[in-house]
Every structure is written in C-alpha cells, then in structure tokens.
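Enquirer: Structure in structure tokens, see below.
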Amino acid sequence: MTLMTGNFLIIMTIQRSPNLNSPMYFFLSFLSSVDICYSSVTAPKLIIDSQAKVKSISFVGCMVQLFFCHLFGCTEIFILTVMAYDRYVAICKPLRYMTIMDRKVCSILVVTCWLGGFVHSFIQTILTVQLPFCGPNLIDHYFCDVHPLLKLACTETYMVGLIVIANSGMISLSCFVILMGSYIVILLSFKTRSSEGRRKALSTCASHITVVILFFVPCLFIYLRPSTTFTEDKMVAVFYTIITPMLNPLIYTLRNTEVKNAMKRLWVGRLLDRNKRDSGVKLSGAGIACIVPVSKRVAGNKSVVTS
C-alpha cells in the first residue's frame, strides 16, 4: 500500500503540475509507473503465499512471472541510466538542455527502454522455458527467477548460465558503470558552479545515486555470478523488487524541493479549496433560511411583500 500510494502520488503530482514539465520529471513519472508494475509481479503473490500453507504456482504462471519480472526490472535499469544522462545534460550543458532533451527525444528514449527490457526478458524466458524439468519442483525463492529454475533442470546448464550472466549480469554492470561515470563527471563539474547551483544539483544527484546503489548492488550480487543459489538470495531480491520501488517516492520527494512544493500546492491547496466550498455552502444555506416575509401591505389590487 505504501509503494502504490507513493508512486501514484508522484505520477498524479507531475501530471497535474504545470511547473513540473521538464524531462527529469517526465522520466520520474515513467519510473514510478514501472515501479508499480514491477512490484505488482512479485508482491501480491508473496502476500498470498505468506498466508498459505502450500505455496505453489503453475508452470505457465511461473514463466509469465519470470518474463514480466525481467521486463520491468530491465526497463527500470535502462530508465535509471537515461535519467543519469538527463542529469548530465542538464548540469553540464544547461544552455542546450531543452534543445537536446526535447519531447521527441524523451519519447524515443522511453520507447527504447521498453524495447530493451522486452528483448532482455524474451531471451531469459526462451532460455528457461526450453529446459527439461523432471523434478523436484521446489525452489528456494518467493518468485520464479532464472537461477532457482536452472537448479531444477535435468540437463547441463553451464552454457545457459553463461548466457544469463552475459544477458542480465553484463547489462546491470555496464549500466552501473555508465551511471557512476556520469555522476562522477557531474560532481567534477561542480567546481565551476555557484554555491546555490552546486547545492541544488548535488541534492538532485544525491537522490539519484541513492536509488542507483539500492537497486544495482543487489542486482549485481544476484546476476553477476555463475548459476548458483544462496539462502540470502531471497532477502537480497526483496531490495530491488519491493524495497527500492517503495523508497523511490520518499527519496525523490524528500530530496527535491520542487516536488515537495508542487505536492503542497496541489494536494493541500485542494483540501483548503474543498473546505472553503463546504463553508460557503453552509453560509449560503443559512442566509436563505433567514430570508422570509415579515410584513404584507395591500395597495389597491397590488400586493407588496417586504423582507
């Protein structure tokens, strides 16, 4: 509920606030949408299984969960990389920022993130669904992922494990290196900034770096290694499937003055307007109730009512 409420709040605030129309908030809104979808793949089943004696899932359901988990997870990796590029252009090339990051370029980048996530997830799912599974059918995890499923296969999975590392692990590692490199360049550029500009840019980048570390470090631990499973994998996976998407709204809101002010204007302002309207209705009703005829005088054939 915290995850859904926080991310929906960010989406609605950005959509309804005219001053939050920069590319950074366009990507932030998209990130919140992906976070909602990503956690919806694993969290509901986890909640149901926590109350069930027999925790089971069909083979088709397992493959569907595997596909969408990697689709939304990889899309989030790409969107975080795009957001780092957006911050690099905004801070290092401020005069050309709106020219470089126009609406068309932003839309192309978002579509590219989706396509990249789809290709990655399709490869992962095809590799897994073709494996022969002959039992046991028990995995030590709370959702269907590649490594636990490879452990159940009745065939040699060494080559498949290498492809998984090349597909998932190298994507995570390469994007993480690009992200950290871009933020290092941004931090080095602060030397030429004013104190106010440096403070604002550092506040924005700090929130991005926090999200990157919380999301990428667990991903690298899981996918940048041979096809083996550990008991700790379940706890580590919780970070990038549930905890990070839940913390994203708090991190981006608490560290961003513009988003906080927009939320105050939009949501607190609406509450105040509603209270004013309710007060106005009550006062109007009271006035109408007091307007009653108090005297009547007949002048010829005309009747006059005074109040």
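Keep in mind that glycine also has a Cβ here, set from the backbone N, Cα and C atoms.
As listed in TrEMBL for this protein:
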- 6-252: domain 'G-protein coupled receptors family 1 profile' (DOMAIN)
- 63-85: transmembrane segment (TRANSMEM)
- 105-123: transmembrane segment (TRANSMEM)
- 158-190: transmembrane segment (TRANSMEM)
- 202-224: transmembrane segment (TRANSMEM)
- 236-254: transmembrane segment (TRANSMEM)
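I'd like to know what surrounds each of these features in this structure.
Expert: Beyond the ends of the transmembrane segment (202-224), by six or more residues, the same chain brings 24, 73, 76-77, 80, 83-84, 87, 91, 145, 147, 164-165, 168-170, 172-173, 175-176, 179-180, 183, 186-187, 190, 233, 236-237, 239-240, 243-244, 247-248, 251-252, 254-257 to within a C-beta distance below 8 angstroms of the stretch.
Beyond the ends of the transmembrane segment (236-254), by six or more residues, the same chain brings 2-3, 6-7, 9-10, 28, 31-32, 35-36, 38-39, 41-43, 46, 69, 73, 141-143, 145, 207, 210-211, 214-215, 217-219, 221-222, 260, 263 to within a C-beta distance below 8 angstroms of the stretch.
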Enquirer: Cβ under 8 Å to the transmembrane segment (63-85), counting only same-chain residues 6 or more beyond its ends: which ones?
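Expert: 24, 27-28, 30-31, 34-35, 37-38, 41-42, 45, 57, 109-110, 112-114, 116-118, 120-122, 124-125, 128-129, 143-146, 149, 168, 171-172, 175, 178-179, 182-183, 208, 211-212, 215-216, 219, 240-241.
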Enquirer: Across the whole of the domain 'G-protein coupled receptors family 1 profile' (6-252), what does the mean pLDDT come to? Round it, please.
Expert: 88
